[in-house]
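Presented below is the structure to which this report refers.
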Amino acid sequence: MSIFIGGAWPYANGSLHLGHIASLLPGDILARYYRAKGENVLYVSGSDCNGTPIAIRAKQEGVTAKEIANKYHEEFERCFRNLGFTYDCYTRTDSEHHHETVQNVFLRLLEEGHIYKKTVEQAYCETCTQFLPDRYVEGVCPHCHEEARGDQCDACSAILDPLDLLEKKCKLCGSTPSIQETEHFYFALHTFQEQIKRAVEIAKQTGTWRDNAIQLTERYVKEGLLDRAVSRDLPIGVPIPVEGYEDKKIYVWIEAVTGYYSASKHWAEETGKDDREFWDGEAKTYYVHGKDNIPFHSVIWPAVLLGIGEGTIPRHIVSNEYLTVEKRKLSTSKNWAVWVPDILERYDPDSIRYFLIVNAPENRDTDFSWREFIYSHNSELLGAYGNFVNRTLKFIEKYYGGIMPKGSIDVELKDKIERLYKHVGEAIEQTKFKVALESIFDAVRFANKYFDERQPWKEREDDPVSCEETIYNCVYLIANFANLLEPFLPFSSERIRNTLSIVNRNWEPQHTLPSRIDSVQPLFERIDVKQIECELEKLYGAVK
């Protein structure tokens with residue numbers, strides 16, 4: 001089976017925060033799991049280097065947009081690598097390859113009659129002497145009356161046009177823009193109304209889209225899909241490939257999602273492999289992103305794919321809700337966030353991954369608190385999992401000189417592990433990652449109970465053969481926990497694999513155990529709870 005996984009493209013205008021990772025982490029879990037299953041996986045993403053936020057940041061700092069994009073693209077790559085993300089292709093939207101692919105898609109839509117020209121009114125700033133792209137206009141949402149940008153309201157998820165906003169202001173200078181006529185290209189989104197409606201109905205029946213994606217898309221369909229501009233007067237981006245319109249750029253909402261397609265083509269060119277199987281309609285596709293990106297993946301990207309006759313409507317939409325920090329909404333402008341480069345300097349990446357999965361905002365907003373993060377590490381990763389691994393392997397090191405005791409796998413344990421693989425695999429495929437991880441840790445707690453009840457420290461004196469059986473089965477559990485947890489906690493799983501000399505990485509019960517255990521090291525270190533206050537002081541002290 002061919003599995004295509006697309007992770008949303010973060011804007012290269014500032015550092016990643018934990019909210020980004022909470023929404024993107026499911027993609028890596030899926031990729032690791034399906035590779036272990038032996039499926040053909042293509043997992044892509046990249047940095048959005050063409051968006052208005054980059055141009056605004058560059059203007060504020062007095063540098064070029066390219067300098068801003070380069071800085072954060074490199075930082076993103078480093079962060080994703082250090083968190084264990086296993087993209088097959090992580091690229092950027094300002095590459096020549098991406099520009100060519102997007103222009104080809106634009107021309108195909110134009111040739112098929114899905115794009116047309118239209119004279120429209122647009123916000124124009126007399127002070128800055130330029131037409132204002134959507135994100136250059138800010139004001140009040142006409143639907144919920146919260147602060148909003150000209151392209152979308154984060155509060156109610158409404159897709160907006162800058163002219164819809166109340167109390168419009170130019171983001172660059174703060175002045176009130178005038179309204180002037182200009183010509184732009186439009187995408188005939190309304191012609192895909194019935195196909196998108198059918199896609200939502202199927203998703204509702206199969207449960208393959210998150211509830212928030214179903215509800216929001218149903219709302220758009222009920223209101224009637226409106227044609228959307230596909231060109232804008234932007235300072236950076238992909239030029240319109242039509243004579244006389246080269247100064248205009250392809251609007252980022254259609255250009256950025258086409259990044260999945262361009263990244264796929266780039267991967268094919270770089271590896272010499274064929275990517276067509278990921279777009280032939282038979283592939284299982286997963287699109288992983290935050291709630292704010294739902295309409296781009298449930299309406300716009302499907303319409304583009306239908307318009308060019310390529311691929312299928314996204315089968316799985318994995319759209320997490322929002323992550324708050326200490327019960328407050330994340331705010332990058334106020335510096336109310338936990339920044340990824342910062343937290344990676346001091347904490348184990350598996351600790352970060354564990355907390356963001358077990359507290360994932362899968363169906364509702366969830367909160368990151370330093371207290372819960374540190375207690376979660378100490379009680380679950382160290383106290384439950386690390387403790388079971390360490391005391392088992394240290395027992396072998398101390399009483400058997402590192403030589404693996406002889407034994408046979410207990411039938412009940414074998415059955416339990418086989419059922420666990422099936423249950424966890426099904427949960428991952430259904431994008432229920434929290435359920436999957438909690439199931440494994442339920443088994444870890446069972447393993448600790450098994451160790452305590454068998455009391456190998458007593459068995460060693462009273463019944464040496466029974467003691468060997470106990471320890472042998474504990475190692476069997478450890479080997480399989482490492483395998484089951486690899487999609488979630490890859491770094492600690494790799495350390496266990498090395499200690500146990502495990503070579504097989506397939507998604508199946510591990511029955512081959514080592515003959516010897518070498519270099520037993522603690523799987524996790526305890527985090528001093530005093531760090532909670534230190535981190536809170538740092539967080540509150542940095543607020544703007």
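The backbone N, Cα and C atoms fix where each Cβ goes, glycine too.
Annotated range for motif ''KMSKS' region' in Swiss-Prot, selecting from 59-63, 324-328, 329-333, 504-508: 329-333. Motif ''HIGH' region' is the annotation Swiss-Prot gives to one range among 10-20, 208-218, 340-350, 516-526, and that range is 10-20. Comparing Cys156 (Zn(2+) binding site) with Thr332 (ATP binding site), their Cα atoms are 19 Å apart once rounded. Thr332 (ATP binding site) and Cys141 (Zn(2+) binding site) have their C-alpha atoms 20 Å apart, to the nearest angstrom. The most crowded of the binding-site residues listed here (Cys153, Cys156) is Cys153, judged by how many other CB atoms sit within 10 Å of its own CB. In this view, the densest Cβ surroundings among the binding-site residues Cys141, Cys144 belong to Cys141, judged by other Cβ atoms lying within 10 Å.
The Cβ of Thr332 (ATP binding site) has 14 neighbouring Cβ atoms from other residues within 10 Å, across all protein chains displayed. Summary of the Zn(2+) site environment: with the site residues Cys141, Cys144, Cys153, Cys156 set aside, the chain residues having Cβ atoms within 8 Å of the Cβ mean position are Pro142, His143, His145, Glu146, Ala148, Asp154, Ala155, Ser157, Ala158. Per DSSP, the secondary structure of the motif ''HIGH' region' (10-20) breaks down as 3 helix, 2 strand, 6 coil. In the three-state DSSP scheme, Cys144 (Zn(2+) binding site) falls into the coil class.
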